Amino acid sequence: MNQWLNQHIQPAKMVADRMRQHLLGTFLMCCVMGVTLSLPAILFTIVDNLGQVASRVESKPQLSLFLKLDASSSAKANIDAQLKKHPDIAKYVFVSKETAWAQLQENADTANITASLNKNPLPDAYFVTPKDIKPESIERLQQEMQQWNGVELAQIDANWIKRLDTVLKLGKKAIFVLVVLLGFALVAIIGNTIRLQIMTQLEEIEVSKLIGATNQFIRRPFLYAGTLYGLGGGLAAWLIVLAVVQFFNTSVTEIADLYASQFRLSMPNATITLAMLLSAVSLGWLGSFIAVNRSLAKIEKL
């Protein structure tokens, strides 16, 4: 057990000493990784906060249920009972056709039109506010209500929430593509950095191979270097995201106060932070692993 620990502790110490000797280069490498990783993290934070704004907005989407003109009293009572006990409905309001007709007659813009009509053409209606404002949930509720006896038309009154949801989904897809592209870029950057380190230690590696060192032994310190670069880059990215969110919050606070709102941009939660750090460490390890394997393959051909 002690031997196994020494095999890992010694190369880790050696890598840490080399990084301290080249502190500026290590710092710049971590900064490059940090800036690169922070870009998608900042965008994701913005998109996530926009989603929270949509869920808190006062103007909730509604469903309008227009009843058939010949709907019976029993059908209306049945609809009212279904709305009252439905688990997905927050509240609802019934507007009779007489009330709607009176409101039209009182409206100066429509008074001339109503005066020319011999009878009330308006149906009874229910205006329903759902608990869940996700577009798929609202559409499912609309389709269910459309099948109710006595309902002529079930209509969604706020399509803006669907448009916003579509934009947010598009934003998340764009962030995913950006993450993949920047991931490849970071693997290439770290791989090139490790490759340069291998070139400076080429004679030492060749001597180690001659005295029987295994590829695993030679590979280990470079893998630690890539992993530490990744960890440093992940921490730098986290600090950059915190600083950017705090910077934007000063302006967001002023705008929110104008609308008497308490909204603030939320900091990355523990899940996002952990995902960012693990991604950075994984990319660092992968870049160094590829670089070391390619270099060892070339050395063995010599």
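One-based numbering along the chain as shown.
Glycine residues also receive a Cβ, built from the backbone N, Cα and C atoms like all the rest.
Within its own chain, the transmembrane segment (23-47) has Cβ neighbours under 8 Å at 168, 171-172, 174-175, 178-179, 182, 185-186, 189-190, 193, 229-230, 232-241, 244-245, 265-266, 268, 272, 276, 279-280, 284, counting only residues six or more beyond its boundaries. What TrEMBL lists as transmembrane segment is 23-47 (among others).
Marked as domain 'FtsX extracellular' by TrEMBL: 62-152. Counting residues per DSSP class in helix, strand and coil order gives 40 helix, 20 strand, 31 coil for the domain 'FtsX extracellular' (62-152).
What TrEMBL records for 174-194 (among others) is transmembrane segment.
The feature domain 'ABC3 transporter permease C-terminal' is assigned by TrEMBL to 177-295. Across the domain 'ABC3 transporter permease C-terminal' (177-295), DSSP classifies residues as 103 helix, 0 strand, 16 coil.
What TrEMBL records for 222-248 (among others) is transmembrane segment.
According to TrEMBL, the feature transmembrane segment maps to 268-292 (among others).
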Non-local residues, at least 6 beyond the ends, that sit with Cβ under 8 Å of the transmembrane segment (174-194):
29, 32-33, 36-37, 39-40, 43-44, 47, 222, 225-226, 229-230, 233, 279, 283-284, 286-288, 290-292
